Each structure stands twice: as structure tokens, then as C-alpha cells.
Amino acid sequence: MLAGFARHFGGAPTSLWSAPGRVNLIGEHTDYNDGFVLPFAIDRHTVMAARLRDDRLLRVSSAFTEELIEISLDELSPESISGWSAYPLGAIWAAGAFGADLERVTGIELYLVSDIPVGAGLSSSAALESVVALAVNELWELGFDRQTLAKIGQRSENVVVGAPTGIMDQSAVLLGKSDSVVLLDCRSLESSVIPLGLHDEELTIVVTDTRVEHEHATGGYAARRASCEAGAAALGVTSLRDLGVDDLARAEALLDDETFRRVRHVITENERVLETVAILRERGAGAIGTLLDASHVSMRDDFEISVPELDLAVEVARRHGAVGARMTGGGFGGSAIALIRSSQVGSLREAHLAAFAAAGYREPVVFEVTPSQGATRHPL
Ligand code: GLA
């Protein structure tokens, strides 16, 4: 980290920051429908070293490519940035779009490293955006709160990267707390932290990265979002958040089959999030399994965002005695999670490797995640 910074910029950084990736426990494709999500920050991070300059240059490099990107703050625009640097530089542009006076600030040097796998549905991009937004917020004294920093990351993702994603990922990355999930109402942006108590229950969450890479800037994600918007419009509501299970019969009568199934996923998924929260509070994580399982079925059959590798990961976990399992994130690849007795983690990993090999799929990466603290500054 420090050596990488010194190699590109000479000398030492003046501050150090980190932002985690995230896993969504439940509540998929509900965020851009103004609904509920229940993600947590994980113990995988993007770490960034920073140092202010005394001119107007932004200079960014990373251990991913070792390429050095340089641009003046005076030239920063969605059109002038591309490639991987669109994530860090896009966050700076978006801070300006949210009212930061970028004309009075000086340039900055940033060096980034990360152990969050890219394309695995664990929000490596939101971690990049959030770590930069958090750092410049403090170094340039912009005065944004964390909710606004999440919106800044999302704006960058939407406008600069071009992915029409919701607010969940950046919120999880910025608001996460150890051993807890974050319940976020994506309409009001009110959030609360709910303890998971995994350690006491001797439970572990295992991620199986199928290594089927997804892309949210193109294709299926945007199509799902468009279906949801069309469904809401046809049913006369601002967003699907305004509908409940009582509206399903009307929705079925009015909508074509595909749109109806998209709508049914979102309506039932919102219910499952709230039910998960109630069960976590009353009975603990060991009792949420059927909701995780039902969420996966809904994504597989109604929302149609799973892939055979994700279905296999979920099926093997369930056969292996997991409390519950589901794909997590936007879908079309990425990762599945299993909530499982801690003593069974090793054998689940073996079972996943064997099942993927037998099916002729790429070898998955199976690892434990610990619900962790959100983005933060570190002492140097
Ligand atoms: C991606 C997006 C999020 C959310 C999820 C699906 O992770 O970035 O905003 O829509 O997919 O729940």
C-alpha cells in the first residue's frame, strides 16, 4: 500500500481510508422500487492512501492496473473519465453535482488496493466510490453526511459508469456495523442497525462466488428495472413500494405474465425483508432460513435473474443442511450466500467444489464473511 503510493507519487500519504464490500442478506431489486433492503458490510475492503496537492491535479493509481490517471479538477466531467478510474474520479465529480464547491479545492493523489473480488456481486464498485467520497468529504471539508455520500456514489454509478442501480450498495458500505445488518427504507432513506448475533448462535455466512461475471451497465438489470417501472405505471402507483400482497390479484388480472411475475417478486420480497427483521428481533438468525430460501425461488422463477451456477450453489447449500441460502446482489452471475452452522463451513466448501467440478462449471471461490464496520478513516 505505502510502497505503491511511494512508487507513483513519491513520499508518503497523509491519510488512509477503507470501505468494505457488501452482502445483501435479503431484499433484492427492491431498492430502486423505493422498497426495503437488509444488507451488511463485509470484512473485505478497498483501502486508499491519499495526499492533498497544492495545484488542481487529480492523480489516481491502483494495484489493479498500476496505470496512473491524471486529470485537472477543471476538466472533470462524466465525458472526460472512463475505464476503472471512472469509479474514483466519478465520485469526485458527483460530489460537485451534489453542491460541493470544487473550484475552491486543491488536487489530490490517491492510491487504491482492494481484496473485494470484482464482478462477484459484492459491490467492489460501491466500495471504490464510497472510499473516495468519504475521504474527499473530510479532506476538502465538504460537510456531507453519510446518507448524502451514499447518494453521491450512486449518482456516479448511474451517470459516469452508466449502471441504473439503486442506493443499497453505497448505503451498506457507508452505514454497516459489525455483527449487524442495515435495514434501509429506500424511499425515506431511514436506516436502522439490527444485530445478527451470528457468533452466539454459532452460525456463519458463507459466500460462494460462482465467477460468472455480471455487468449492470448493460442488459438484464436495466430490463428488470424497466419492467418494474412499467408495472407500477400500469397499476397507477409511483413505485412498487406502494403495493402489497393484497394487490397481487389485481396485478395478475391487469399485467402480462412476465411483468406480473416481476411485480410479484418485488412485492413479496419487500414483505420478506420486513418479516426477516421481525424474526431476527424475536427469534434470531437461526430462524430466517425459509425466508432466504423463498427469496431465491422468487428471484429464480419470477424475477429470472439467477443462473445455473447460482442455483447449484444454493441447492448444494440446502442439501448440506444450511439454515437458508440465496443468490445475493443484482444477479446474472456473482455470488450466492448460505447461512450455515459454523462447524459445517469446511464441508460445505468441499461440497461446492465437488458439485461445480461435476457440473463442468468454473471452480467457485468459497469463503466466510463477517458482518463488519462500514467505511472509515485509519490512523497512519
Ligand atoms: C445491484 C445494485 C443495487 C441493487 C441490487 C439488487 O447490486 O447495485 O442497487 O439493485 O443489484 O438488489
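Cβ from N, Cα, C; glycine included.
Among the features that TrEMBL reports, domain 'Galactokinase N-terminal' is placed at 5-51. According to DSSP, the secondary structure content of the domain 'Galactokinase N-terminal' (5-51) in residues is 8 helix, 25 strand, 14 coil.
For ARG22, the entry in TrEMBL reads site 'Transition state stabilizer'. A simple way to gauge crowding: the CB of ARG22 (site 'Transition state stabilizer') has 36 other CB atoms within 10 angstroms, across all the protein chains here.
What TrEMBL lists as ATP binding site is SER62, GLY119, ALA120, GLY121, LEU122, SER123, SER124, SER125. Same-chain residues at least 6 positions away in sequence with a Cβ under 8 Å from that of LEU122 (ATP binding site) are, in sequence order, GLY21, ARG22, VAL23, ILE42, ARG44, ILE116, VAL207, ASP209, GLY329, GLY334, SER335. According to its DSSP assignment, LEU122 (ATP binding site) is coil.
Classification of GLU157 (Mg(2+) binding site) by DSSP places it within a helix. Annotation for GLU157 (Mg(2+) binding site): spatial neighbours GLY90, SER125, ALA126, GLU129, ALA163, THR165, GLN170, criterion Cβ-Cβ under 8 Å with sequence separation of six or more. The feature Mg(2+) binding site is assigned by TrEMBL to SER125, GLU157.
Look at TrEMBL and you will find ASP169 tagged as active site, proton acceptor. DSSP assigns ASP169 (active site, proton acceptor) to a helical segment in the three-state reduction. The Cβ of ASP169 (active site, proton acceptor) has 30 neighbouring Cβ atoms from other residues within 10 Å, across all protein chains displayed.
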Legend entry - Among GLY119, GLY121, the one of these binding-site residues whose Cβ has the fewest neighbouring Cβ atoms within 10 Å: GLY119
Legend entry - Conformational class of SER62 (ATP binding site) under the three-state DSSP mapping: strand
Inset, instruction - Restricting to the same chain and to sequence separations of six or more, state which residues have a Cβ under 8 Å from that of SER124 (ATP binding site). - result: GLY21, THR46, SER114, ILE116, PRO117, VAL118
Legend entry - Inter-residue C-alpha distance, ALA120 (ATP binding site) and ASP169 (active site, proton acceptor) (nearest angstrom): 13
Legend entry - Rounded inter-Cα distance in Å - GLY121 (ATP binding site), ASP169 (active site, proton acceptor): 10
Inset, instruction - Determine, to the nearest whole angstrom, how far the Cα atom of ASP169 (active site, proton acceptor) is from the Cα atom of SER62 (ATP binding site). - result: 22
Inset, instruction - For ligand 1, pick out the recorded positions SER62, GLY119, ALA120, LEU122, GLU157, ASP169 that have a CB under 6 angstroms away from one of its atoms. - result: ASP169
